[in-house]
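> Positions annotated as Zn(2+) binding site by Swiss-Prot: E201, Q279. Taken from Swiss-Prot, the feature N-linked glycosylation site applies to N2, N15, supported by sequence analysis. The N-acetylmethionine annotation in Swiss-Prot covers M1, and the record cites similarity to another entry as its basis. Taken from Swiss-Prot, the feature N6-(retinylidene)lysine applies to K296, supported by similarity to another entry. For S334, S338, S343, the entry in Swiss-Prot reads phosphoserine. Swiss-Prot lists T340, T342 with the feature phosphothreonine. Sequence annotations record features per position, and here Swiss-Prot assigns topological domain 'Extracellular' to 1-36, 97-110, 174-202, 275-286. Under the heading topological domain 'Cytoplasmic', Swiss-Prot lists 62-73, 134-152, 225-252, 309-348, citing a curator's inference as support.
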Amino acid sequence: MNGTEGPNFYVPFSNKTGVVRSPFEFPQYYLAEPWQFSMLAAYMFLLIVLGFPINFLTLYVTVQHKKLRTPLNYILLNLAVADLFMVFGGFTTTLYTSLHGYFVFGPTGCNLEGFFATLGGEIALWSLVVLAIERYVVVCKPMSNFRFGENHAIMGVGFTWVMALACAAPPLVGWSRYIPEGMQCSCGIDYYTLKPEVNNESFVIYMFVVHFTIPMIVIFFCYGQLVFTVKEAAAQQQESATTQKAEKEVTRMVIIMVIAFLICWVPYASVAFYIFTHQGSNFGPIFMTLPAFFAKAASIYNPVIYIMMNKQFRTCMITTLCCGKNPLGDDEVSASASKTETSQVAPA
């Protein structure tokens, strides 16, 4: 084995020279230079400074403007809530530990940080699954004239939390475990060891199949069918140009969210899968640190995409920030065709 395994950690560094110490008790400066830990801390500070206000603003603006409280927006707000969990439960912890060069909060703090990071990522993934299914059902209409209403949105939100907890909670109760990863300043699922005492191998397989592969299959199937249906409807001119434009803009926004999710999380999932399937292989701490910290940027991109691509929300946000006045006028609101409301596109 090219790393050093302890009772509740795995350091990707051989202890042949005797320098490896517990990441819960000693600085890990033998893994990387102190300035590299400082860079991680600066990065986490940036995510906190950007992630909190933009996600909080998303929630606040929706509460202030009743017209934004549409069923589809419930799912988008669910993403903002999950991102705030990551900011407060994970980012603040990682900022502090990076400044100290090791995970100063011990195994309990590691469990909490790993739980919030996993929970936030899984809520985002399953929210995208619900959005994909909503787009598929509404646009492709496999169930006749189905309308995505408030009750469906609430059930969708509940579903995302149940599935996310089904992934994030087991390591807290003995099925797998959370351990420091990479440079030992943030925590995640143990992909590094088989650890039969906690049935780690079965959990990692379960996680990759149920909480990554299946969601990806559902998302790609739904959008594959959706693209085909929209093209057919446009070719047959079954709906007005305004309706088609609105559907395309909403669908485009959700697809971009999926692409952004893949960009942030696929590198982390790929590296984790490689480490798990190549037990004992030689890799350095940076190998896992970079994709792990890059994935944390997911807390920022969803609200940014939503604000940039939804004129109605953007106008409401400007009105809120300007104390009820819109310096751009009301034309943008009336002209907006990108409202996230129930689709009326007919089946092909």
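Cβ coordinates are placed from backbone N, Cα and C, and glycine is handled just like the others.
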> Recorded positions E201, Q279, K296: which have a Cα within 10 Å of N2 (N-linked glycosylation site)?
Q279
> Short question: which residues 6 or more past the ends of the topological domain 'Extracellular' (174-202) have a Cβ under 8 Å from it?
3, 5, 8-12, 23-24, 28, 31-32, 36-37, 40, 90, 94, 97-98, 101-103, 110-111, 113-115, 117-118, 272-273, 275-276, 279, 285-290, 292-293
> Per DSSP, to which secondary structure element type does the residue listed as 'N6-(retinylidene)lysine' belong, with helix, strand and coil as the options?
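Note: the residue listed as 'N6-(retinylidene)lysine' is coil by DSSP, not helix or strand.
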> Cα-Cα separation of N15 (N-linked glycosylation site) and K296 (N6-(retinylidene)lysine), in Å?
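N15 (N-linked glycosylation site) to K296 (N6-(retinylidene)lysine), Cα-Cα distance: 30 Å.
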> Kindly assign E201 (Zn(2+) binding site) to one of the three DSSP-derived states: helix, strand or coil.
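In the DSSP reduction, E201 (Zn(2+) binding site) maps to helix.
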> Counting only residues 6+ away in sequence within the same chain, which have a CB under 8 Å from the CB of the residue listed as 'N6-(retinylidene)lysine'?
M44, L47, M86, G90, F91, T94, A117
> Average pLDDT across the topological domain 'Extracellular' (174-202)?
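Within the topological domain 'Extracellular' (174-202), the model's average pLDDT equals 94.
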> Around Q279 (Zn(2+) binding site), how many other CB atoms lie within 10 A of its CB?
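Excluding its own Cβ, the number within 10 Å is 13.
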> Which numbers of helix, strand and coil residues does DSSP report for the topological domain 'Extracellular' (1-36)?
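Counts, helix then strand then coil: 3 helix, 4 strand, 29 coil.
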> What else in the chain is close to the topological domain 'Extracellular' (97-110), if you only count residues 6 or more beyond its ends and a Cβ gap under 8 Å?
8, 23-29, 34, 37-38, 40-41, 44, 178-180, 184-187
